[in-house]
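Listed in TrEMBL:
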type	residues	note
ACT_SITE	ASP10	active site, nucleophile
BINDING	ASP10, ASP12, ASP176, ASP180	Mg(2+) binding site
BINDING	LYS153	substrate binding site
Amino acid sequence: MARFSGIVSDIDGTLTHDDRRLSAEALQSAHMLSGRIPVVLASGNTLCFTRAVSKMLGTRSPLIAENGGLILPFYDSDPILIEPCRDELNAALNVLSKHFDLTVFDSRDRITDISFAKTVDKEEILPYLSDFPNIYFVDAEFAYHLTDKNICKSDGLIRTAKLMGMDAKDFVAVGDSNNDIDLFQAAGFSFAVANATPEVKKEADYVLTKKFGAGFAEAVDYLIQNDLIELEDNRRDFYVF
Ligand SMILES: O=C(O)COP(=O)(O)O
Ligand SMILES: [Mg+2]
């Protein structure tokens, strides 16, 4: 009897290579799953990026973007936006910008969180953030993020699962970076790809032997071989894209 009825996957470092090229193994695995089980993408990336990746992978399931700040239940619906403490986020960015030469990512497309390049040592950044109690800093390996404390991937999964008539514990999570730790805690089971950080590996139920997208494919094979998920052809109940 299959134990899990959905998969929730991170994108960067989990479906990609270390240089962010989409992994052929992950693509093949996602195509095989398409329309047979929900695969929710949960990313620190912007919603437009996450939506394009989803379309090309054929996941046909709701999306969680900006570390949980935005949820897209249907392809053409308006996203659900978790309102962040914008003043504090902007004030923190101003303070950091005064001390460091920051490269801010996607500022036109990013709505709830702030992301910037890892050009500065995080130990140097953290002391400047102690005056901002409602935001947290996370190193997502491909970028740094400043995010409202009420926004995280796990909250995104809980909300998304509810919209789908499911529970977060019905999902198996796959991830690589510290913005996936709370997602692992909310999901029913969790896989860390072999390139995951030590903190993520510690939180995972299962540490995969393969890195990056090959790790995602290994997780899917493991789930099928151990009868932990069931694939049903032509499921249309929540395949919304
Ligand atoms: O936006 C990032 O830095 C990382 O994105 P991810 O959560 O899909 O790995
Ligand atoms: Mg990642």
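Cβ coordinates come from backbone N, Cα and C, glycine included.
Automatic prediction, not curation, is the source of TrEMBL annotations.
As the structure is a computational prediction, the values presented were derived from the model and not from experiment.
In sequence order, the binding-site residues near the residue listed as 'substrate binding site' (Cα within 10 Å of its Cα) are ASP180, drawn from ASP12, ASP176, ASP180. Counting other Cβ atoms within 10 Å of each Cβ, the recorded positions ASP10, ASP12, ASP176, ASP180 show the lowest value at ASP12. Among the recorded positions ASP10, LYS153, ASP180, residues whose Cβ is positioned under 6 Å from ligand 1 are identified as ASP10.
Following the DSSP three-state reduction, the secondary structure of ASP10 (active site, nucleophile) is coil.
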